[in-house]
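Peer 1: I have a structure I would like to understand better, so I am pasting it below and will then ask my questions one at a time.
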Amino acid sequence: MPYGIEVGYFMRHLLDKLSHLKTLIPQLILVALIVWVFNHIAQNVHANLAARGVKIGFAFLNDTAGFDIIFHLIDYATINNYWQVFWVGILNTLLVAALGIFFASLFGFIVGFGRVSRNKIIALCSKGFVETIRNIPLLLQLFFWYFVVLRGAPFPQDSITIVESIYINNRGLYLPWPIITLYAAVLFTLSVVCILISLYLRHSKRTWRSYSIAIWLALAVIFFAIAHTELTWEYPTLGKFNFVGGMNLIPEFLALVLALSTYTAAYIAEIVRMGIQSVSKGQYEAARSLGFAHYQSLRLIMLPQAMKVIVPPLTNQYLNLTKNSSLAAAIAFPDLVSVFAGTVLNQTGHAIEIIAMTMGVYLFISLCLSLIMILYERRSAWHSP
């Protein structure tokens, strides 16, 4: 290669690198500036707290809490420490978020299908629900469900019987509760494993999958039937002042799940409507020409193609619902914000540590939820033609 051509190639390569460096330098300066600002804030906070004699650390989490929590999924007593309070709050938040996402998705998809229904009454009712719910603040809806609907229910002596052994009053919802033995728990676990294996085989490309699915489903039914015979039920019975026995879902929990579910369902319904309408009408017409009914065309042809459009905004709604669960503090439901960032903070005064832990939990939950939806989206895209 001639010397002049070699020098020219080297200069072009060098200028190329410098042009990339030119765009990288401002980004590095911005990152360094952000780090410096946070470091400066941390030093100032540490100096101010040290001057006031306030200690920073997480040793307070081992202190005794000394207060009761009305709703907890794990064992808790007033003699437990703040670590236990932290985990109680996390589990309550996860329970509300999981149930809210489930019911919001179920109701949202139903209303979304109603929005594109050819029945004018169904379409009008669905539109009315969406427009009404979306234009009322979530906090106001939460107060409505709690103070008007649930707290306005009858006293325990005049409880409303939904079906036999299921009652609702101003103290909450009372349900029968199974007393599960270890043997029954193992059988239930085996039945769930069999169902999961059958679902996996349903999406596999093996030629013998139909035969295998039938076997695993049959095993699941057998395990479940045997486990059910091992169950004994504890039923709620009316005592002197209230029901005893069974399971009690407190009004705060019910109001929070209902408010979050209905509010988010209105937004999910619009997302579903938008996703279905984004698919070419030719797909619907082709399905109808092949003899599919209206809802069969929507469910089997339109919806699978619309999921590519639905999933990204649906993920945002799931994240919003999870973060909106912090409104539980407004009705004294013991979620993470209420018991940990509220009661524990007031008792200990460790605001920085408690708020940092609370923010970290919500960030972790949001990232995990986003990852799950991304994996689902990629899997759906991989299976789509």
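Cβ coordinates come from backbone N, Cα and C, glycine included.
Annotations per TrEMBL:
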type: TRANSMEM; residues: 24-42; note: transmembrane segment
type: TRANSMEM; residues: 54-74; note: transmembrane segment
type: TRANSMEM; residues: 86-114; note: transmembrane segment
type: DOMAIN; residues: 90-373; note: domain 'ABC transmembrane type-1'
type: TRANSMEM; residues: 135-154; note: transmembrane segment
type: TRANSMEM; residues: 174-201; note: transmembrane segment
type: TRANSMEM; residues: 213-233; note: transmembrane segment
type: TRANSMEM; residues: 253-272; note: transmembrane segment
type: TRANSMEM; residues: 327-345; note: transmembrane segment
type: TRANSMEM; residues: 351-376; note: transmembrane segment
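Please go over these features one by one and say how buried each is and what sits next to it.
Peer 2: Residues 61, 69, 71-74, 76, 122-123, 125-126, 129-130, 253, 256-257, 260-273, 276, 295, 298-299, 314, 317-318, 321-322, 325-326, 328, 333-340, 344, 357, 361, 365 of the same chain lie 6+ residues outside the transmembrane segment (86-114) yet bring a C-beta within less than 8 angstroms of a C-beta in it.
Proximity of distant same-chain residues to the transmembrane segment (253-272), defined by a Cβ-Cβ separation under 8 Å and at least 6 residues beyond the stretch ends, is recorded for 71, 96, 99-101, 103-105, 107-109, 111-115, 126, 129-130, 133-134, 138, 141-142, 144-146, 149-150, 172-173, 306, 310, 313-314, 317, 320-321, 324-325, 327-328, 331, 333, 335.
Counting residues 6+ beyond its ends, the transmembrane segment (327-345) has Cβ neighbours under 8 Å at 65, 67, 69-72, 82, 85-86, 88-90, 92-93, 96, 138-139, 142-143, 146, 250, 252-253, 255-256, 259, 351, 354-355, 357-358, 361-362 in the same chain.
Long-range contacts of the transmembrane segment (351-376) within the same chain: residues 45, 56-58, 60, 86, 90, 93-94, 97, 311, 314-315, 318-319, 322-323, 326, 336-337, 340-341, 344-345, each at least 6 residues beyond the stretch ends and with a Cβ under 8 Å from a Cβ of the stretch.
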